[in-house]
């Protein structure tokens, strides 16, 4: 019925109407304009012969023509229906877009509301915190005001008190002591003798006793003031002169003593009191009495039994030593008394009464041998200027890492005999032993750290002379010059002077103790074999640290006798000899200082200079043997023979007692097996809170591993290597000088370093207060100011020693049981339990000192070794491969993306197998073995390293929770990974313990790795593991790694297709591939043989042709 024109018109409308359904949903505007457009698609059944629906124009044109009304009505209804459907569709689209925009705006509004609420909460919290702080400050101010008012009221009450009231109320114990003492003294008859009347007469009890323990009266006055100085008259007298005793007997009159003390302080014109007969000795010049004789005349100057006379700093040369002999103080100028009042040697010593001047530091000397050291007190000078100067010096000492001395050393006491440093030649050895006994008892009571004073420094007490031979070993008593040589010495107000004196005595005590320890070790060490290589000495190592190492060594040696030829016994003797060298070097330094001044005694210098010169020459020759060639047994300092412990019987050693370097060269011998290094010194790095449960990285980690190796018998198959502390120069191969001094020094050795270099690190050292009460670099990296620096240096040194022996061919491989870990430590940053990067430092030193060409570092700790990657990111000679949990940067430390492949010339030498996908499912044995099969081993074999270092962190072993692990690798798997790495670098593999905090897990993994290193047969993997396929997340990770690394290592490309295979399928495929290659090789060899036979048949061989010239089969 429709005309062709109508059909054409409909077809022409179809493209314009067909645009609407293809419009994207998001491109429809919010306000849609609905136009009355008729649909362009009509049912095919509505048309006539044309098969199309007429357009509105055609319909309007068709109205003029004749048409069936029913059909026309039906057509209009269809068009209206289609139009309604189109409009309904447009409404739905409009509503959908509206709903989408509404949801979007709703979410934005919710986010804005949450952000606003969060800001309001933060503001409220800050306001609350500020209010609490203000309230606390107001409370503190109120408390201070109340305290101030209370003190003012007390002061007002004291000022307005009546004279009849008591100044102080003595305790019941003091009252009883005084009463018993007075009763006992009142019953005793007063002797009239001159020689020994002082200790028995009640008038002189104050000068004979010096504490409440000896029934002395209570000390009045505020703390810190000098003790009262009694005025004993040293001759017979009557009861009219007994005024002080009667006054001090009654309690209300105790304040009289303070008045007497004030009078004594004001009357400073003369150190000698007037005698009753009017005889006066030079009241205008303060001069000391010179003692020109010895023997009884000297000991009788103080008019008392030996050890009981009074003394003062101005006349301390007359101090009676503990055994009655005269001690000398080289810091007090000594002059003759005026000529009109010279003191004859045979005169009665009770003519003079001496007292101490309160203007100087007062030390009570001349104690009896039975009196404890607490009876001698060091008091501060009441002068304000002297006190300020001492405070300034103490603060400066603290800034430099020293300790407080003098009046700042808490409330402890210093023996009075410490000032008597220079003993005369005829002094009894018993006096010297008792002097050491006093020093030992004094140092044992110190709550603070040991006094750290440079032993090589010049003593401030001896400015006119250099350090005497008191620095010798204890074999000889020190000799000093007479008192006439010390006229230019300063007064002893300086705390550094007392420090130097104490340190000299401590040094002598240390040497004596060391000789005894060496003699005890002699019986064990004489049965050992050759000496091992001697580690490098460290000038900054202190005697305290060496003593601790020796004590630990004695504890081990007493339990087990080392087998013959073991490195444990060799290194023991080696350490003792190293300490001897350090002591003699210190003595040598002191002697050279004296020679520069030209005042050394003629009988002291030559023998010491001769012995030290010979000893120095011996080690100068030995140091020429230090350069080592790679993979050859090194010539160490141990090749220089020593007369082992025999030298310690006499000190200093004479040149004749030492053998020449060429007499009996000793060859270093090691069992060619696995080396293990461990040192108990690393156990001292721990938090000051002492609670290991809140600190995952604690000393029990390496203790447990060491015990496991002993229990299983693996340790007996290994060669134990003696560790050492790494030097600061070695640490600076990777870390900055600032970082090295910051964490590589402690108050024990900081004094021997340059103070200018230490000024920055020490002043800017910042610590964080941990919730446990200790301190740390951050919230988890704890720090111990006394021991952490030595422990972290010991960890580095142990690994360096072990790696050097493996690289030089002395050992087959090695396992370092060290802590704290190091692979997180960057050039100037400590983090993640790490301070110094042990593995990176070892790799650098192997290249610098042993000329190792290429080093492979494999890090299978679950955390990425950001410090190691940073150290070698641009170095093509070190290949770093890390397998770690990455999770797209959401796992600590957040670095180690697969795209990090190196920089500059080191592009391609940094490989990160960064596991992603979390712990659902956790990465296990299959994934690690697949990574080794497809990525690690192919790249490592193509790199062909000379030495392999492994950062063996075991926190991927099952048993570690998600924050510190979360994976389920078995300990057995790490043994198989170690066995694969042993096929590289000729087996020169060294494992260093890194992370791992579950004790059972790390012990099992360490046992498996050491078993693999010892070539012990490992337990086979479970069949389920061999049949299991890697997880989807692991396959995706390995595919990405291969895609990135195939640009630099073509060997990994062929493994991309088999990543989803199980280990059993991969082994089968590799076996078939190997058989195919072998068959092809056999076919080619057979063809060559046939060709060679045919050639031989056609050209006979001459008879004289040698066999070597036959064609190779």
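Using the three backbone atoms N, Cα and C, a Cβ is placed for every residue, glycine included.
Quick look at what Swiss-Prot annotates:
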ACT_SITE  824  active site
BINDING   687, 689, 695, 772  Zn(2+) binding site
COMPBIAS  484-494  compositional bias 'Low complexity'
COMPBIAS  571-610  compositional bias 'Acidic residues'
CROSSLNK  35  SUMO2 cross-link
MOD_RES   250  phosphoserine
MOD_RES   283  phosphothreonine
MOD_RES   488  phosphoserine
MOD_RES   523  N6-acetyllysine
MOD_RES   600  phosphoserine
MOD_RES   650  phosphoserine
MOD_RES   1099  phosphoserine
REGION    1-22  region 'Disordered'
REGION    39-63  region 'Disordered'
REGION    187-272  region 'Disordered'
REGION    472-494  region 'Disordered'
REGION    526-611  region 'Disordered'
REGION    675-1019  region 'Histone deacetylase'
REGION    1088-1113  region 'Disordered'
MOTIF     1072-1113  motif 'Nuclear export signal'
Excluding 687, 689, 695, 772 themselves, which residues in that chain have a Cβ inside 8 Å of the centre of the Cβ atoms defining the Zn(2+) site?
686, 688, 690, 691, 692, 694, 770, 773, 774, 782
Could you state the CA-to-CA distance between residue 689 (Zn(2+) binding site) and residue 824 (active site) to the nearest Å?
24
Based on Cα distances to residue 824 (active site), point out the closest of the binding-site residues 687, 695, 772.
695
Those binding-site residues listed as 687, 689, 772, and which of them has the most Cβ atoms within 10 Å of its own Cβ:
687
Mean pLDDT, the motif 'Nuclear export signal' (1072-1113)?
58
Name the residue among the recorded positions 695, 824 whose Cβ has the smallest number of other Cβ atoms within 10 Å.
695
